[in-house]
Amino acid sequence: MSLHKEQQLIAIIQLLGQGEFYSGQAIADNLGVSRAYVWKLIQQLQDLGLGIQSVTGKGYRLEHLVELLDGQEIQQLLMAHDIDLRLVTDSTNEALKGEGFAHNRLVIAEYQSAGRGRRGRRWVSPLASNLYWSLGWKTQLPVQQLGGLSLVVGLAIVEALRQLEVTGVELKWPNDIRFQGRKLGGILIELSGDMVGGLQVIIGVGLNVHMSDRVTETIEQDWMNLQELKSGISRQEVLVEIIRQLGVYLEQFEKQGFHTFLDEWQKVDECYNQKVSIIQGDETINGCGAGVDENGAFLLQTGKGMKPVYAGEVSLRLR
Ligand code: BTN
């Protein structure tokens with residue numbers, strides 16, 4: 001999408017975001033374009049998942065109040081990071097791959113056309129509803145020590161939410177952020193580029209904030225919005241608090257290792273002492289969740305003893 005088009009779409013969202021009806025002609029005058037073109041832009045916003053009401057004789061209005069993220073303000077609040085806020089992108093993880101990678105570069109999008117979840121799933125990413133971001137993190141840790149990284153990212157998110165008075169959020173190994181069994185968000189960690197002089201890690205996070213039901217028919221899991229836990233919660237505040245907390249936790253992880261987070265993990269481990277199944281290809285192993293080891297591997301208590309399970313292509317289900 002051209003920058004010019006993006007700016008036109010942002011201008012419409014800002015105009016309609018004031019909560020009043022605007023006629024097609026008024027929008028056209030405001031943007032200096034034709035009414036027919038406004039109609040096309042409105043269609044495009046609807047295709048991106050934005051709820052726009054259209055009432056004959058009155059014009060257009062947003063179904064819900066929409067506050068776009070403010071890149072400049074985020075940059076001021078997170079000085080150590082290089083903020084790249086986009087209205088539309090394919091996937092923020094993709095944007096950090098190869099040449100796009102830089103340590104502490106934070107790519108944020110209001111919409112992802114090809115958002116990806118773990119195990120090849122699609123991540124539904126409607127416009128201006130949730131948080132979608134990826135952080136570039138260069139580390140000297142060897143790849144074998146990164147097993148606990150997604151858990152540490154999850155813990156930083158839980159702690160940031162707690163700071164914002166959202167409590168009771170739990171983690172389902174290895175990458176789900178949940179509340180009473182419903183998914184609030186997920187973490188997708190990928191490695192990028194050549195490994196000389198340290199690993200290039202991409203930490204991608206999607207967090208549901210106020211996503212409408214209209215766009216979620218394809219989501220297989222039971223999900224929920226952060227807004228249900230704290231009404232009116234600001235996406236921007238949540239984002240900034242998480243990135244701050246993540247900086248602290250990543251430093252601790254790199255310097256002191258995952259074992260220093262074991263107690264914290266146990267407090268929010270949704271599977272602890274629960275009957276679970278591990279599914280790996282055609283094989284299913286049943287057992288009971290017994291926490292994680294000092295490398296972040298899931299511990300499954302089976303009839304034949306304790307079995308450590310490593311993330312990758314495995315799926316964990318609560319029974
Ligand atoms: C999962 O639970 O399966 C992980 C979901 C991760 C989604 C985020 S949204 C931002 C970043 N960009 C992507 O394409 N995916 C991650």
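Every residue gets a Cβ built from N, Cα and C, even glycine.
Proximity of distant same-chain residues to the DNA-binding region (24-43), defined by a Cβ-Cβ separation under 8 Å and at least 6 residues beyond the stretch ends, is recorded for 8-9, 11-12, 15, 52, 54, 59-60. As annotated by TrEMBL, DNA-binding region applies to 24-43.
Annotation comment: TrEMBL describes 68-254 as domain 'BPL/LPL catalytic'. Model confidence over the domain 'BPL/LPL catalytic' (68-254) stands at 93, taken as the mean pLDDT rounded to a whole number.
Feature annotation from TrEMBL assigns biotin binding site to SER91, THR92, ASN93, GLN112, ARG116, GLY117, ARG118, LYS183. Sequence-distant contacts (6 or more apart, same chain, Cβ under 8 Å) of ARG118 (biotin binding site) comprise ASN175, GLY186, LEU188.
Neighbour list (SER91 (biotin binding site), Cβ cut-off 8 Å, at least 6 residues apart, same chain): GLN112, ALA114, GLY115, ARG116, TRP123, GLY204. Its Cβ taken as reference, ARG116 (biotin binding site) is surrounded by 20 other Cβ atoms within 10 Å in the chains shown. For THR92 (biotin binding site), the same-chain residues lying six or more positions away in sequence with a CB closer than 8 A to its CB are VAL107, ILE108, ALA109, GLN112, TYR132, TRP133, SER134, GLY204. Of all residue pairs in SER91, THR92, ASN93, GLN112, ARG116, GLY117, ARG118, LYS183, the annotated binders of biotin, the farthest apart have Cα atoms separated by 20 Å. DSSP gives SER91 (biotin binding site) a coil state; it is part of no helix or strand.
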